[in-house]
């Protein structure tokens with residue numbers, strides 16, 4: 001999980017080239033109650049971070065490249081450097097990576113985290129809805145992403161949640177990414193604006209009209225948009241199967 005192929009460059013956990021928010025603003029505290037902060041102990045024993053989001057009381061959705069030896073999820077957080085009264089810290093019982101995940105091509109970059117216990121749903125901890133399996137977001141639509149990643153190539157990761165509004169791009173805008181697949185991925189962020197997810201933001205959501213349509217996956221190692229997000233609608237049947245224990 002080192003060097004997100006930003007992925008290895010852009011969206012891995014912060015130490016691995018993961019993404020953060022560039023060109024955004026600090027989110028209003030607890031305005032995104034589905035957001036999850038992932039503290040990851042890698043297979044090598046180092047510490048990384050990713051984002052994720054709560055889709056059921058006992059399940060967090062994130063990117064497969066955020067896998068690790070051990071993961072602790074913090075829900076209800078705004079400033080992850082503090083022990084806020086709203087926070088719920090829950091260890092991950094099981095990491096469920098899509099069986100077709102390909103780290104070389106950055107495809108099927110999706111993972112479900114089953115928590116050791118159900119989260120208590122509160123005004124600051126809540127789930128976010130997913131799209132239907134046939135729901136595609138059209139190019140030109142404006143959506144949001146959020147995370148605790150870096151705010152610049154040479155900047156540290158953010159301790160407070162940040163957010164940025166991004167434009168959904170036509171697939172041609174991501175043609176520089178050799179293995180980009182429109183059916184399974186979303187091209188996000190105009191190349192004319194320095195706004196994107198960046199290192200440390202990996203696994204966070206792409207939010208369109210209150211629905212999670214994407215997962216931060218990878219992009220340019222220097223944080224230049226567009227970036228690639230996993231298209232959630234393509235995986236809705238798999239997600240439902242895992243959550244329902246089938």
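Sequential numbering from 1, following the chain as shown.
Heads up, the Cβ atoms here are built off N, Cα and C, so glycines get one too.
Residues or ranges marked as active site, charge relay system by Swiss-Prot on the basis of similarity to another entry: 65, 109, 202. Per Swiss-Prot, disulfide bond is recorded for 50-66, 143-208, 174-187, and the stated evidence type is sequence analysis. Among the features that Swiss-Prot reports, domain 'Peptidase S1' is placed at 21-244. What Swiss-Prot lists as N-linked glycosylation site is 102. According to Swiss-Prot, the feature signal peptide maps to 1-18.
Of the disulfide-bonded residues 50, 143, 187, 208, 50 has the largest number of other Cβ atoms within 10 Å of its own Cβ. The disulfide-bonded residues near residue 109 (active site, charge relay system), taking a 10 angstroms Cα-Cα threshold over the set 143, 187, 208, amount to none. Cα to Cα, residue 174 (disulfide bond) and residue 66 (disulfide bond) are separated by 22 Å. The local packing around residue 202 (active site, charge relay system), expressed as other Cβ atoms within 10 Å of its Cβ over all shown chains, amounts to 40. Cα of residue 143 (disulfide bond) to Cα of residue 187 (disulfide bond): a distance of 12 Å.
Not a single one of the recorded positions 102, 187, 208 has a C-alpha within 10 angstroms of the C-alpha of residue 202 (active site, charge relay system).
Figure note: comparing Cβ neighbours within 10 Å for the disulfide-bonded residues 66, 174, the maximum is reached by 66. Spacing of residue 102 (N-linked glycosylation site) relative to residue 50 (disulfide bond) is 19 Å (Cα to Cα, whole number).
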